[in-house]
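Written out below as structure tokens is the structure these notes cover.
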Amino acid sequence: MEVMNLIEQPIKVTEWQQTYTYDSGIHSGVNTCVPSVSSKGLLDEDDTCGRQYTLKKTTTYTQGVPQSQGDLEYQMSTTARAKRVREAMCPGVSGEDSSLLLATQVEGQTTNLQRLAEPSQLLKSAIVHLINYQDDAELATRALPELTKLLNDEDPVVVTKAAMIVNQLSKKEASRRALMGSPQLVAAVVRTMQNTSDLDTARCTTSILHNLSHHREGLLAIFKSGGIPALVRMLSSPVESVLFYAITTLHNLLLYQEGAKMAVRLADGLQKMVPLLNKNNPKFLAITTDCLQLLAYGNQESKLIILANGGPQGLVQIMRNYSYEKLLWTTSRVLKVLSVCPSNKPAIVEAGGMQALGKHLTSNSPRLVQNCLWTLRNLSDVATKQEGLENVLKILVNQLSVDDVNVLTCATGTLSNLTCNNSKNKTLVTQNSGVEALIHAILRAGDKDDITEPAVCALRHLTSRHPEAEMAQNSVRLNYGIPAIVKLLNQPNQWPLVKATIGLIRNLALCPANHAPLQEAAVIPRLVQLLVKAHQDAQRHVAAGTQQPYTDGVRMEEIVEGCTGALHILARDPMNRMEIFRLNTIPLFVQLLYSSVENIQRVAAGVLCELAQDKEAADAIDAEGASAPLMELLHSRNEGTATYAAAVLFRISEDKNPDYRKRVSVELTNSLFKHDPAAWEAAQSMIPINEPYADDMDATYRPMYSSDVPLDPLDMHMDMDGDYPMDTYSDGLRPPYPAADHMLA
């Protein structure tokens, strides 16, 4: 059949979305034929008839374009040469000869002669393929200048026909390599694609670039020819096959061509890609979302562009509505990248991202589950007030039973944040055996602070300020968690973990039944040791006039406050009170009354208030000269501090002479109790005032992302689940850790 007749036949178009897969071609190395344009005859390979194949290849150019007599003679000689080589090397390979072999075969049977001839036939076939490959390359190379000229023709009909021919050539490996080696032809294809308004021409030219993009040489040729801006322009095409060719070609460029990401960004590729999230073809969406991930990773400007174009909403919608695993995985990768962007995080959460991601935590795809877990963890610090997370919380509690380090890191971190300042979530986790699961996670974690620290923080949240807090406090003891928790106070544990553990111990001490186990675990000597060490370190900086530095994001003043506060609660028990007194702590507590930090003054006055209930301790407090600072604290702006100071003064004045007692009484009345009879009564009876108490002292924890390339630092919030306001001297942040993640390929 002649070439021009073939070209003029209607092009058979099939639904490309039914045929293409997520692999855009370069991964498998398959010489993918363009699924949307198929034509029989032109450049089709006929393995059984070498002569017919070669003749078709020859006539493609003798009739497709006007040629000189010399060209015709050249191609005829080329055809004759190939035919002579075939007949010389494989005399049985012609159409007539091969038909004889078939004619002798009995239907359904293979003769011994045919079996013996199989190796010979295979060799002949290989030689024929080799000859045909050479023919492809020679003919394509010969035709390139003329095809380039035709692509630049002013007649759109000529351009369309030339594009069809080049498209067919791009489907065969040998001719495709010849095309890649011609910068002029690739540039002509790019220009044609960019300037055409004809849909068939657009389809053919994008198909050509798609086929070339399966090879690194082709990617480089497209890039150098300015193909990226042209391909980005094609993302606005109404033809789905054109969209597919454009997005898969861009995908291959982003994956393997250096400089492609910047070129796509400069061509406003993100602005064109984000609206494509509204398409409804899962496989097309999988490639599109992977392009977004490649562009957004490590580039803050790209993340903001995605946000400005409604990307978070589109991505969450995909996670909510689709079940195609590759699409869910690629989409979760984009969300994971965006989830470390402070601007994108609230947008994802407000779009229902937490609930949409939670749907897939029970998926059979480990990589999807892991991406969802990391993304949930990253988002959880801005989702503490989100509703409808009951199922997510239950699944996270169940995930604590697995041994995978990444799963445990994500589950504990997310639970820690979602139980912060959320009484409903605390109650739900406690009622679903969350305390027991967290303790077991701590026991299995060993020295992995990325698991232990958020688990301790979550326990600290569960043991205070919600209806089931007392149940949680008892559950820690009943599940043998107290010894393991007290051991976490030992150095060289990281200071953030130590700080969180101190807060948890204070909460556990609120339950009287926990006092004996805490004492048996030697918690008081460890707290006192930490207190002395932290205070000495803080004092050195005060004496030197330098600002208190952070150690792993924790200031020593925070440790001083935490230890003193925990000892205050423990001192409510008579046995603990005696042990604290015997450790010679009163001089240090009196010293803390002079602190410039209001919170430290309060907890120091509070622990002295408890110790002063015993006469021996009260005398020791007086002997240390505590009266003067306590008198000053009567005028404190903090009512709790003033009340504790008044109670201590009242207690140590009991054995003083009448004049001293009268002076103290007048001072107390004038400064504190003039308008508050209840406070006066409390001071007289030594009943501690129900002053809210800070138990949340944790800083941000270390960002990690399962086995993925280092992403942006995770910005976790300062946990504020305490009973009194955040420390005014701490911003709750620690320097970012070195990234230790790698993107899943």
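Note: Cβ is positioned from N, Cα and C throughout, glycine not excepted.
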Of the residues Ser39, Ser416, Ser665, Ser671, the one that Swiss-Prot lists under phosphoserine: Ser665
For Ser182 (phosphoserine), the three-state class that DSSP assigns: coil
Cβ neighbours of Ser182 (phosphoserine) where a neighbour is any other Cβ within 10 Å: 18
Overall pLDDT of the repeat 'ARM 10' (512-551), taken as the mean: 87
